[in-house]
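First comes the structure, then the notes that go with it.
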Amino acid sequence: MAPPPPSLLLVVLFLLSSTALLSESRLSLDYYSKTCPSFNKIMQEAITDKQINNPTTAAGTLRLLFHDCLPNGCDGSILISSTPFNKAERDADINLSLPGDPFDLIVRAKTALELSCPNTVSCSDILAVATRDLVTMLGGPYYKVFLGRKDSRSSQASSIEEKLPKPTMSMSQIINLFAASGFNVQEMVALSGAHTIGFSHCKEFSSNLGNNTHYNPRFAQALKQACSGYPKNPTLSVFNDIMSPNKFDNLYYQNLPKGLGLLESDHGLYNDPRTKPFVELYAKDQNKFFRDFARAMQKLSVYRIKTGRRGEIRRRCDAVN
């Protein structure tokens, strides 16, 4: 029997390698069921312990995921520390205000997982699951998190310039920024509902208080008093949602028509005709907000992820292997 022609062998080899890559890169809800059976239990313990002892962890983790995913995809690049030879994403100006608790949570979870299942669970998967579970702990919607992400092998501060929304941006700039990442106006407004928890530093809005008619006058006066010492203490901050700051609900949207938004971009959502209908919709219907937020978060959590050989499983979340 004659041997098969070389061209046929090449085709077979190509198909085999393609199949291997496909299976390696496929996400699933039970990705770690065999390789790390204790994954869910370890994550739950780490998340619950951290949130109980540091109640602002949930809002910080949600913001950390957003700052990781939107610029260049959900690959854990925000977690990498700078070196003398490289300024990493977490040291970009816009990320300097990210709180320490979510970083600490990821380190704790990763340490426990490495002891149980070494070199198995990615840092980007840890961040995605922690965010979902913390949102749920505060009363927010549950959504499915598909697993199997790999971690980025690089992180440069310069790579995220103009890729994250700033409070000073116009609504057109914010809409265009989200559109560049494949998110429409309604998805952007739903994701903005993350401001129902957490806080903002006084420096991000204090300059608007004296000459901005969008603020409720009494609220503006209270903010001025709360932030009066911020030039000497730049860590001074105020809750984004003054009505229910530790509960994930739709009061953020109900606050906006009353002039109780904190950031200029919050006021922009209510005052722009492209976004106002969705603000009014979510203010009236919390279930609709929850459904749309969950759908948008599920979409964000798989945005431009790395799978297979395009990434790695970091041994430490703050450094590449």
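Backbone N, Cα and C define each Cβ position, glycine as well.
As annotated by TrEMBL, domain 'Plant heme peroxidase family profile' applies to 26-321. Feature annotation from TrEMBL assigns disulfide bond to Cys36-Cys117, Cys69-Cys74, Cys123-Cys317, Cys202-Cys227. The feature active site, proton acceptor is assigned by TrEMBL to His67. According to TrEMBL, the feature substrate binding site maps to Pro165. The Ca(2+) 2 binding site annotation in TrEMBL covers Thr196, Asp241, Asp249.
Separation of the C-alpha atoms of Cys69 (disulfide bond) and the residue listed as 'substrate binding site': 13 Å, rounded to the nearest whole number. Sequence-distant contacts of Cys74 (disulfide bond), defined by Cβ-Cβ distance under 8 angstroms and a gap of at least six in the same chain, are Leu65, Asp68, Ser124, Leu127, Ala128, Arg149, Leu300, Ser301, Val302, Tyr303, Arg304, Ile305. A separation of roughly 26 Å, to the nearest angstrom, links the Cα atoms of Asp249 (Ca(2+) 2 binding site) and Cys227 (disulfide bond). Using the Cβ center of Thr196, Asp241, Asp249 for Ca(2+) 2, the list of other same-chain residues with Cβ within 8 Å runs, in sequence order, Gly193, His195, Ile197, Asn240, Met243, Ser244, Pro245, Lys247, Phe248, Asn250, Leu251, Tyr252. Across the structure, Asp241 (Ca(2+) 2 binding site) and Cys202 (disulfide bond) place their CA atoms 14 angstrom apart. The Cβ of His67 (active site, proton acceptor) has 20 neighbouring Cβ atoms from other residues within 10 Å, across all protein chains displayed. Ranked by how many other Cβ atoms sit within 10 Å of their Cβ, the disulfide-bonded residues Cys69, Cys117, Cys202, Cys227, Cys317 place Cys117 at the bottom. Taking a C-beta cut-off of under 8 Å and a sequence gap of six or more, the residue listed as 'substrate binding site' has these contacts in its own chain: Gln173, Ile174, Leu177, Phe178, Ser265. All protein chains shown were included, and the count of other CB atoms within 10 Å of the CB of Cys36 (disulfide bond) stands at 16.
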